[in-house]
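Accompanying notes for the structure given below.
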Amino acid sequence: MVAVAILAAGKGTRMKSQLPKVLHRLGSQTLLDRVLASLTPLNVDRCFVIVGYQGDRVRESWAHRTDIEFVEQTQQLGTGHAVQQLLPHLKGYQGDLLVLNGDVPLLRGETLEALVSGHQRSGAAATLLTAQLNQPKGYGRVFCDATSRVCEIIEDRDCTPAQRQNPRVNAGVYCFRWPDLEAVLPNLSTANDQQEYYLTEAITYLDPVSAVEVADSQEILGINDRLQLADSFRILQERIRQQWMLAGVTLVDPTSITIDETVQLGTDVVIEPQTHLRGNTVIGNNCSIGPNSLITNSQIGDGVTVQMSVISDSTIAANSKIGPFAHLRGAAAIGEACRIGNFVEVKKSTVGDRTNVAHLSYLGDATLGQRVNVGAGTITANYDGVSKHPTVIGDRSKTGANSVLVAPVTIGQDVTIAAGSTINKDVPDGALAIARSRQTIHENWSTPTTEQ
């Protein structure tokens, strides 16, 4: 059995933000989201989040999770004091307690799994996660006895110059045998530089204490300011990019590309520079995406090309070509082998297979059939100032350049709309619709000038 305590009560003053530190986003998730997600491999009995500064906002962000118990730390008097708040909640509990910090978002689930399983195999009263750092400044140092058992943890600010030379640091992640920790928590003191209750002091009262060293020291990096937040984002993206390149995806200029963990990519996909893939985006096989494109929560079929475009909450079927400079949004659905070209916006519309919308058009609340050709400058005028109205264009119909379709309106199959027309009435199948003023010519016209 293992219970979990996530320490999330700090003010995070170095973030210089009105937002609680654990609610700052690292990619697609908050810091607290990521810490909670790392618990997935574990069989957790109870999960506590200890809150303090702006605790109500932290609670609100996870109000949908009934498996999380929030515990208030009204005064921020140190990590030991935070865990003391669990005493009334875990009275009589006989399992282990895993303690994490809410601002250490890069820990992998398998690392926590190794820590907990190692602790339970060893029979130790406490097991801590450690790392070897080339620049350990700011981290507590871990000191072991001749048998390699942990005997002391000294916070960086309390270390002597000689003690600061020790590269083995405390990651701030612990697994305790709860009955043992419960017995010593009341003994913690504030006899230190910060006059706080350090959880690390409990180590001096417990025996035996073991350690598990993390293989990748980047996992333990904490976030205290915006610089560290940016550095953690870089590390996270390196992980994701490496994963996809090893899986058969080509990333041209990888450091200019960002990909959320929730994105799924097929094989032989090429991602060009300055492309950003977010949310629950799925991209099929043999696609070329970018450069300079943003795709969010969208499904892209096999063989699709996207250039310099913004796509959100939309679907694109196989072998279609999007862009450059297209904008698809609001549940746009593009069929197979379509072309959505330069400066075209498609919003809440369905475009049938092999339909071309090549340039300078807006399709809103529209349904287009198959093999439709939309001329340059065609606009669906879908909004009357109060409500949105639909436009329907049947199979194989064509709209001439600079046409305006005033919704609600239905264009039948095999219809031709003459260039420059403003259509505000339904057009039957097979018809030619012309709705423009007749051209007149005045020969020998003298253009007026301002000269008298």
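We count from 1, first residue shown onward.
Every residue gets a Cβ built from N, Cα and C, even glycine.
Non-local contacts of H359 (active site, proton acceptor) by the CB criterion (under 8 A, 6+ apart in sequence, same chain) comprise G341, N342, F343, V344, A376, G377. For the recorded site, H359 (active site, proton acceptor), the DSSP three-state label reads strand. Here Swiss-Prot flags H359 as active site, proton acceptor.
Among the features that Swiss-Prot reports, UDP-N-acetyl-alpha-D-glucosamine binding site is placed at 7-10, K21, Q73, 78-79, G140, E155, N170, N224, R329, K347, Y362, N373, with the record citing sequence analysis. Counting every protein chain shown, 22 other Cβ atoms lie within 10 Å of the Cβ of G78 (UDP-N-acetyl-alpha-D-glucosamine binding site). Under the DSSP three-state reduction, G78 (UDP-N-acetyl-alpha-D-glucosamine binding site) is assigned to coil, being neither helix nor strand.
For D103 (Mg(2+) binding site), other Cβ atoms within 10 Å of its Cβ number 25. As annotated by Swiss-Prot, Mg(2+) binding site applies to D103, N224, with the evidence given as sequence analysis.
Annotated region 'Pyrophosphorylase' per Swiss-Prot: 1-226, in sequence order.
According to Swiss-Prot, the feature region 'Linker' maps to 227-247, an assignment based on sequence analysis. Mapped onto DSSP helix, strand and coil, the region 'Linker' (227-247) counts 20 helix, 0 strand, 1 coil.
The region 'N-acetyltransferase' annotation in Swiss-Prot covers 248-452.
The binding-site residues K21, R329 differ in how many other CB atoms lie within 10 Å of their CB, and the one with the most is K21. Beyond the ends of the region 'Linker' (227-247), by six or more residues, the same chain brings 15, 24, 26-27, 105-106, 218, 221, 254, 257-261, 265, 267 to within a C-beta distance below 8 angstroms of the stretch. Cα of G78 (UDP-N-acetyl-alpha-D-glucosamine binding site) to Cα of N224 (Mg(2+) binding site): a span of 16 Å. In three-state terms derived from DSSP, K21 (UDP-N-acetyl-alpha-D-glucosamine binding site) belongs to a helical segment. Between L7 (UDP-N-acetyl-alpha-D-glucosamine binding site) and D103 (Mg(2+) binding site), the C-alpha separation comes to 8 Å. Distance from the CA of D103 (Mg(2+) binding site) to the CA of K21 (UDP-N-acetyl-alpha-D-glucosamine binding site) is 7 Å. Taking a C-beta cut-off of under 8 Å and a sequence gap of six or more, N224 (Mg(2+) binding site) has these contacts in its own chain: G12, R14, M15, K21, D103. When the binding-site residues L7, A9, Y362 are compared by the number of other CB atoms within 10 angstroms of each CB, Y362 has the fewest.
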